[in-house]
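Per TrEMBL, transmembrane segment is recorded for 20-42, 54-73, 79-98, 118-140, 190-208, 242-259, 266-298, 304-321, 383-401, 407-426, 447-464. Positions annotated as domain 'DUF8201' by TrEMBL: 55-338.
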Amino acid sequence: MSDAGALSAKLAFALDQLTWLATYAIAAFGAGQRLLAPLAMADLDAGLRSSLRLAAGIGVFVVSLFLLAATGLLVSNAILLLVLSGLVAAAAHGLTVVRSSRKIPVSVRPGQVSPREWFWILLILLSVIPLLTRALQIPFQFDELMYHLPTARDWAREGGLTVNESLRYPLSAFNFHLLYAAALVLGNDVFPHLIHAFAGVLVAVGVYSVGRRYFDRRTGFVAALQTIIATLWFYETAYVDLGVGLFLFFGFVALALAYEQQDARWIYLAAFFAGLAVGTKYQGLFYLPVLVLLALAVERRPSVLVRASLVLFFVGGYWYLRNLWISGDPLHPIGGRFFGYWLWNADDLRAQYRDLDGVRGWPEWYLCVAAASVFFLKGSSGIYRGLVAAVLGSALIWILVSGYPRYLVPVYPLLALLSAFVFVRVSDLIGLGRRVGALWARLGKRWRVALPSILLLIIGFSYIDDAKLAWGRIAPTADARDAVLRQRSAAYEILSDVDPDDGLRVFQLGFEGEIYYFPVPVTGDWFGPGRYSEVARRLGKGAELAGYLASMDTNALLINRRHPSFADLALDPDIDRYFTLVRRTDRVELYRLKDRR
């Protein structure tokens, strides 16, 4: 394909994916608008109203998809009907707004925004540009290929919930995976990136609006910018961390509005979001105690609290009941010590904790500035004190339980709000803002246009290399996708040439981060029933190895010779008595078990 043809194909692919995203967003808005219609939202700005409706609509989709998946109805027609319902609700709302105002409302007109504000808006838009390239790449991040997308793919294939015991985490909290499964049912495995990235963008919009509402516009801008920059890497993944952050953040927002309006219905919405968060990832449970304590500070009527608890349990508790029913452990594999082990054992769990201890660290430095917010508590508002309490409580739990920066990502929006507040407040105290304003006033009109333009250009150019790299990884056609995968995935390169009807069932060593692209059944991991250690210690004993692989219902062995743990492992010199070498490259070896009859 010529360069012009490749460019056209990528642009068409990008337009197609963004059309999917627009449809998803409009449908979610419609569903969320119906859910939030009884709430008083007239005094909220357009950004906060819209982001709340969108987040609530995504939650409605999650619950609806669970009901479809649990009943074996996770099929294209049902999913399209769900989306159509959201689109109809959005259209009905739009018609109502137009009829009531006799014109299409415009929330922001160019003349109402100062040049300085336009600068900050453009700065934030520039920081979102990588969304257009990062999120359009085919899936290639480790965890999304190891278990996030394989789980969603299994559900999509079966049209409902299944348990794949070969995956590292066959049981967990899977709310956001339902959205990914719906995308895969419709044949689009790039769209999960956009779903995840869109959650991050929604949070950034909400952060700006919350910062503006409770502090000032400067705080909102800085906090939104920090949130985007701190989470930008996640835009190219089908992980769920931004989903947990979406629900957790808007849970706190709902509590703040309940405090302001003294309306119990906001408590129910906070419970709805909290349930979605704990049903998306176990780590959502870390921060549930903080939400509960803040809710008790706002509302103490038993009847309200009981109803809120039921809402929370309904939208988040079903995964834990499912885990308990299947494995006996509602937190599989974490609760094995208390509930008994299923698939994993105590050694697996200890090894997992050692891995997590090895990646302890701190969030970005500018988010750590939020710690200084305690010095501004005197004379502060109830909202500010609640925000400080939420951040300190969440950070303390995180330090005690994990210390892994990725597990703190759901709290980043709250950290960003406090950090931005501290930066702005200190800037005002030392007169920095006043001095910059005075200097700005002395500049001529040309310089007031030129300097921000130059800065924006510098920032834009800083993204060029990143955008080029991401753009090169976009695969708009089946042939382009195959070429990229053959280059980047040794397992795919070998297995894609295998006849799918040949009955190959692979035990892999060292390719756990490529499982999604295996076209044949696969097992093998550091943890669980298909432990690498069980195969590695048998590699020098051909007969024993053959017997073990047969007992695992596999008939082939795939070895990653680029993996440091398996590069130098020696095979039995008589391996050819039990296995046939199917193919060998400098990266991988594939052996097939001979017929033992």
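From the backbone N, Cα and C atoms, a Cβ is placed for every residue, glycine too.
Tertiary proximity for the transmembrane segment (20-42) is limited to same-chain residues at least six positions away from its ends with a CB under 8 Å from its CB atoms, namely 49-50, 52-61, 82-93, 188, 191, 194-195, 198, 261, 263, 265-266, 269.
In this chain, the transmembrane segment (242-259) lies in contact with the transmembrane segment (383-401); the count of Cβ pairs under 8 Å, excluding pairs fewer than 6 apart in sequence, is at least 3. Counting Cβ pairs closer than 8 Å to the transmembrane segment (407-426), the top stretch among 54-73, 79-98, 242-259, 304-321 is 242-259. Of the two recorded stretches, the transmembrane segment (242-259) lies close to the transmembrane segment (54-73), with three or more CB pairs under 8 Å once pairs fewer than 6 apart in sequence are set aside. Same-chain neighbours of the transmembrane segment (54-73): 25, 27-36, 79, 82, 86, 155, 158-161, 175-176, 178-179, 181-182, 199, 202, 206, 246-247, 250, 269, 272-273, 276, 279, 314-315, 318, counting only residues six or more beyond its ends whose CB sits under 8 Å from a CB of the stretch.
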